[in-house]
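Only one structure is covered here, and it is reproduced in the block below.
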Amino acid sequence: MELATMKTLVMLVLGMHYWCASGFPVYDYDPSSLQEALSASVAKVNSQSLSPYLFRATRSSLKRVNVLDEDTLVMNLEFTVQETTCLRESGDPSTCAFQRGYSVPTAACRSTVQMSKGQVKDVWAHCRWASTSESNSSEEMIFGDMARSHRRRNDYLLGFLYDEPKGEQFYDRSIEITRRGHPPAHRRFLNLQRRARVNSGFE
């Protein structure tokens, strides 16, 4: 068992040496860059939020890194934010306590952060409510500007994709067509009653 483990480790080391020697782009970025990207993403969310309170990240994960050159890269992150007790004027939400309660606003967010030499150059972010029970109208109230700005920059987001539910529009149209083609049951019932009265009057 130990011999097999040693062979696996040796093969792994040799493989990494091969990729580095063959000119494969290996970017050893500082872990602090990830924290900078997350902080910039949360700041972007708070700048576009219409809530009177600041949001703070609860969980985060790095989904993809696109290396543009030796100094510039683009990070794609996914994270969740929750409303804190600090007002917008507080500035930094990192030390703010989370609000308590059943209906505290929590959102799932995606961001694309462009960094150069360890410094944040540009940030794009988009959020949706983590709870499916929230309505689209309430989402627009707090994150109204973010959805519009995201759609405008869709073609520029190097590897950042947002999966919109394509079936919603078709579903709404089908309901509308059904409503136009078939009047409600009580109206059909009234029409039948009217015809019955007219026919009985001529008899």
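Each residue, glycine too, has its Cβ placed from N, Cα and C.
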Among Cys86, Cys127, which cysteine is annotated in Swiss-Prot as forming a disulphide with Cys109?
-> Cys127
Where Swiss-Prot places phosphoserine when the choices are Ser33, Ser60, Ser174 = Ser174
Ser137, Ser149 - the residue Swiss-Prot records as phosphoserine = Ser137
Could you let me know which of Ser32, Ser49, Ser138 shows up in Swiss-Prot as phosphoserine?
-> Ser138
Between Cys20, Cys96, work out which one Swiss-Prot annotates as bonded to Cys86 by a disulfide.
-> Cys96
Disulfide-bonded residues compared (Cys86, Cys96, Cys109, Cys127) - highest count of Cβ atoms within 10 Å | Cys127
What recorded positions in the list Ser90, Cys109, Cys127 lie within 10 angstroms of Cys96 (disulfide bond), counting C-alpha atoms?
-> Ser90
May I ask for the distance between Ser90 (phosphoserine) and Cys127 (disulfide bond), taken between their Cα atoms and rounded to an integer number of Å?
-> 22
Expressed in Å to no decimal places, the gap between the Cα atoms of Cys127 (disulfide bond) and Cys86 (disulfide bond) is 20
